[in-house]
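Colleague: Submitted below is the structure of interest, expressed as structure tokens.
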Amino acid sequence: MATVSGRRRKRKIQLSKLFTLTGAKACFKPDHSKIGRSGFSRVVFCNQPDSPEAESRNYCDNYVRTTKYTLATFLPKSLFEQFRRVANFYFLVVGILSFTPLAPYTAVSAIVPLTFVILATMFKEGVEDWRRKQQDIEVNNRKVRVHRGNGNFDLREWKTLRVGDILKVEKNEFFPADLVLLSSSYEDAVCYVETMNLDGETNLKLKQGLEVTLSLREELNFRDFEAFIKCEDPNANLYSFVGTMDLKGEKYPLSPQQLLLRGSKLRNTDYIYGVVIFTGPDTKVVQNSTDPPSKRSMIERKMDKIIYLMFLMVFSLAFFGSVLFGIWTRDDFQNGVMERWYLKPDDSSIFFDPKRAPMAAIYHFLTALMLNSYFIPISLYVSIEIVKVLQSIFINQDIHMYYEEADKPAHARTSNLNEELGQVGTILSDKTGTLTCNSMEFIKCSIAGTAYGRGVTEVEMAMDKRKGSALVNQSNGNSTEDAVAAEPAVKGFNFRDERIMDGNWVTETHADVIQKFFQLLAVCHTVIPEVDEDTGKISYEAESPDEAAFVIAARELGFEFFTRTQTTISVRELDLVTGERVERLYSVLNVLEFSSSKKRMSVIVQDQDGKLLLLCKGADSVMFERLSESGRKYEKETRDHVNEYADAGLRTLILAYRELDENEYEVFTERISEAKNSVSADREALIDEVTEKIEKNLVLLGATAVEDKLQNGVPDCINKLAQAGIKIWVLTGDKMETAINIGFACSLLRRDMKQIIINLETPEIQQLEKSGEKDAIAALKENVLHQITSGKAQLKASGGNAKAFALIIDGKSLAYALEEDMKGIFLELAIGCASVICCRSSPKQKALVTRLVKTGSGQTTLAIGDGANDVGMLQEADIGVGISGVEGMQAVMSSDIAIAQFRYLERLLLVHGHWCYRRISKMICYFFYKNITFGFTLFLYEAYTSFSATPAYNDWYLSLYSVFFTSLPVICLGIFDQDVSAPFCLKFPVLYQEGVQNLLFSWRRILSWMFHGFCSAIIIFFLCKTSLESQAFNHEGKTAGRDILGGTMYTCVVWVVSLQMVLTISYFTLIQHVVVWGSVVIWYLFLMVYGSLPIRMSTDAYMVFLEALAPAPSYWITTLFVVLSTMMPYFIFSAIQMRFFPMSHGTVQLLRYEDQCSNSGNFEMGRQGSVRPTLVMRSHQPES
């Protein structure tokens, strides 16, 4: 009877799903209540895309466009983008006004600089969009085989595909649209899919078509094929799909198991047939391609405020001048005669009419706005964009951040945040795969209450060092360092214990439990074996490194998983009775997948004896409560071992199983099928509810312990970042004991730190939590508040010495701490500690903590992670850094900057961050300095001429100042300048605090640069005016006019701003010499060439240099005297600052030049908490 029923059951589950639960059958009554309603209204006419019903649906075509512009929209849309910037819009208004009689200069000279800047930016946008267009053309013109009718398949371009088309996709081809899988080259319609382009995961996914479409394996089979698919509307969820297929009058449920997404690739399968259900913009990959969160750096936001301040100043000066002009114009008419007779207006002009002084003042206000526009640096935005792009290239090309082993360089995915890298105050880091390698090694296990495995972990080594002892590796007598440094012979397996290796487990007291333990490891997984055709060796494609480590461990200990079909798993193992190796076949009935909410996975299998087994593995927090009363025999010993493993920094899982009777399984099958057939958005919740009822009453087998080793250089990197004054938070899903010990191993925690631990894991609290009553929840919250308050009291009692404290909090406590009424006090405590570790954190909690730190502390936050569960945290932080590690590329694709190893963060921040912050800060300050120096000389000259709105300079002098004579040096400053070299940045991390405290872009520093510009303009104007106004300019006795005074002042301005650039630059390259001195040379060449043009073109600059300025000694003497006088205040200020108020970089520069840096003891940098890091020159300290 058992045999008959077993056969019946085998036939029934012949095509059950591997990655989902048991396949649904048409014999069950499905719930189609949602189909046809909002969100579930799509109807696909399979193999009938030309039918009137299909065409009436008006589904979009399959052309995918990633460009920002089209040919028709490029000009208006790009112009709109440019003139959204207030500065550009202001210059546009000024350009329009320059065509009116109000303009103090010609319209062409006003339009040319704006046109140059706008065209340069549009050119950059156009080139970038053209590259995207070329990529679009390449993708849309790819070809795929499409059913044309009568069983014939022809090649067609992707862009021509329509909903309902039947496609044949062959091995290693990408899917051109979202398809429902019908059949494949395998008899059971299985295919393997690589989804790296979607979620970054490199492991293969297994998909399978419905049983009813298995026979469609030949092209001719589609000649008469017709079906209807009703499914959900287009959406961005990659991991869900709800629909039904109506075929021959029967309805069959569709799930993600049948969905093949555009952008994924067919692997290890000769071909598949599928029907198009979503095209072009409706495909899930395009639905997911939304713009990432817009992030702007702190400096960029502050720069906008400076622009508004400059506008206020421009309007104030224009208003001030207009009022005075109106008063002087009104008072100009005395006794019927105009005092300034030469300004007498004609009948058509009121600009200087004393009888209409108010109107003249209003017109003058508009004229003054145009004249004062030179205070605003027109090329600021485009120059910064150019600089940031080139800075990003330098980051990408840094050989010191290139990970040769994986061939992965650093990649700045956006250039908007370069300077933000130099201002990070808090780093929030994931642990697994970020601080650690995410390359798991099976190192210990507990079976039947007995601990196995004699290896020594990195955490144990760190504990030894803290205790000052020398632990010896028990397995071979080597020292701890040797044990950790030794590479395992088999990747993923670092287990040493002769009691169960080499088949010795059969002699152990609990050999039967050991056998079940490793059988579970060999069977309970979703791993795909791959056989090398040349060597015959088996490798494993696993969804996670843990899974691979378990399968490898089972193989190395005698239980080799070697073959998987859709419905079976084959294992070679040692028979406990005969002692011989045998092959055992397990029929896979169901796979209950792992999820972060369940924290476990199970498989239901049938062994060769006909037994139904549920094999389960999961976190201890959920597994122990699911044990039956009779299955807790080894619970106490296993709990103790799990705690010991956690103390050693190991990741643990509990293994358990149970036998199912046939009736129970039949009930489960019926209920799970009903849940699967529920075509609604909450289908997954219904499935979880059913699986919850069968994953219970388990029998404990033991626990696994795998080690995730720290990446190279992590402790040194963290120590260096801490010396730079950066606080580091670790947000991990690990147990508290594991997280604490990893913290010690990576130098996040130190022996002299006092740990403030907040948790809700005590037995009393757990008992209270189980009651679930409102009073109990309130008590839990009150307990967390009490622990936080107590921690703050400890911190206060220590005098606020953050260096002495570390905060460790578990996930349950964190949930309460992040509530609105408690997060403020929690943040105060956390900020007061040097290090923070959040354990058992969910992805949502990681994002919420990041948001709390970013908004609550006011500091720049950087989040770093490597997995999909870190995406929210990366997007929430000011800067998201993705680690291109083992868990795929999803974190990288959501990040702002990608690096291959955590240790590269040290160079990214302390070198590139520091340099970029200094460069951008100095660049912006210098921009405003040079424009104020130039613009204020115009204002002073206008005031000198009774606000007559006459510019001191020729029109083209005005136009070319910002975009030609002074732009290249400041761009080179932003690209090449270094206050100290990279080795010194790393040697003296205190330099980084200049960015964290924003010393170089504070309002004090900005206003001081502006004041310096005003002073320079005043000195230039008055010295030039005084030197030239009351004496003959040359030997012919000619006095200086506007052309000579303007030319002389302009020369002085060019020299002064160029020399100021020389004094601002800390690190000269040949390029900088060329552009700085070349700017001065080009000014003189321009004077000669432009002045030599016909007078109708050169106007008042005609021959001014060759005939007036160059032959006159007074011009050269005045220029020399004025330039030196203008630079003298800056020399004096710099000398005083260097001598009495040196900044950190100045001190390092001084020591470098004095050759004192050869001795590392000259500087002492200690790890700091919340206080500012201090730089101590030991050589300058008096000896005691």
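Including glycine, each Cβ sits where the backbone N, Cα and C put it.
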Colleague: Can you check whether Swiss-Prot puts ARG65 on the same side of the membrane as GLU1029?
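Modeller: According to Swiss-Prot, which assigns topological domains, ARG65 and GLU1029 fall on opposite sides of the membrane.
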Colleague: To which of the residue ranges 76-97, 802-823, 890-911 does Swiss-Prot assign the term transmembrane segment?
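Modeller: Feature transmembrane segment in Swiss-Prot: residues 76-97.
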Colleague: Among 956-975, 1042-1064, 1071-1091, point out the range having the most Cβ pairs under 8 angstroms from the transmembrane segment (1109-1133).
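Modeller: Result: 1042-1064.
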Colleague: Could you give the number of helix, strand and coil residues in the topological domain 'Extracellular' (98-101) as assigned by DSSP?
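Modeller: Within the topological domain 'Extracellular' (98-101) the tally stands at 0 helix, 0 strand, 4 coil.
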Colleague: Looking only at C-alpha atoms, tell me how far ASP866 (Mg(2+) binding site) is from ASP430 (active site, 4-aspartylphosphate intermediate), rounded to the nearest Å.
Modeller: 8
Colleague: Quickly jot the same-chain residues contacting the transmembrane segment (76-97) by Cβ under 8 Å, restricted to those at least six beyond its ends, or write none.
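Modeller: Residues packing against the transmembrane segment (76-97) from afar: 68-69, 103, 107, 110-111, 113-114, 117-118, 121-122, 125-126, 304, 307-308, 311, 366, 369-370, 373, 376, 378, 380-381.
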Colleague: Going through 102-124, 307-328, 922-941, 1006-1028, 1071-1091 one by one, which has the most CB pairs that fall under 8 Å from the transmembrane segment (1042-1064)?
Modeller: 922-941
Colleague: Just checking, which of ASP430, ASP866, ASP870 (recorded positions) has the fewest C-beta atoms within 10 Å of its C-beta?
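Modeller: If we count Cβ atoms within 10 Å for the recorded positions ASP430, ASP866, ASP870, the smallest count is at ASP430.
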Colleague: Which listed range (307-328, 956-975, 1006-1028, 1071-1091) shows the maximal number of Cβ pairs under 8 Å with respect to the transmembrane segment (102-124)?
Modeller: 956-975
Colleague: Which residues of the chain, 6 or more past the ends of the transmembrane segment (307-328), have a CB below 8 A from one of its CBs?
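Modeller: Distal contacts: 86-87, 90, 357-358, 360-362, 364-365, 368-369, 372-373, 375-376, 928, 939, 942-943, 946-949.
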Colleague: Take the transmembrane segment (956-975) and find every residue of the same chain, 6 or more past its ends, with a Cβ under 8 Å from one of its Cβ atoms.
Modeller: 105, 109-110, 112-113, 116-117, 374, 377-379, 383-384, 386-387, 390-391, 394, 919-920, 922-923, 926-927, 930-931, 934, 1046, 1050, 1053-1054, 1057-1058, 1061, 1064-1065, 1069, 1071-1072, 1075-1076, 1078-1079, 1082-1083, 1086, 1090, 1101
Colleague: What is the three-state DSSP composition of the topological domain 'Extracellular' (942-955), stated as helix, strand and coil residue counts?
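Modeller: Per-class counts: 4 helix, 0 strand, 10 coil.
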Colleague: Could you tell me what the rest of the chain brings near the topological domain 'Cytoplasmic' (976-1005), counting residues at least six beyond its ends with Cβ under 8 Å?
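Modeller: For the topological domain 'Cytoplasmic' (976-1005), the list is 298-299, 302, 400, 422-425, 720-721, 723-726, 859-860, 906-907, 909-911, 913-915, 917-919, 921-922, 924-925, 1065-1067, 1069, 1071-1072, 1143-1145, 1148-1149, 1152, 1157, 1160, 1163, 1165, 1172-1175.
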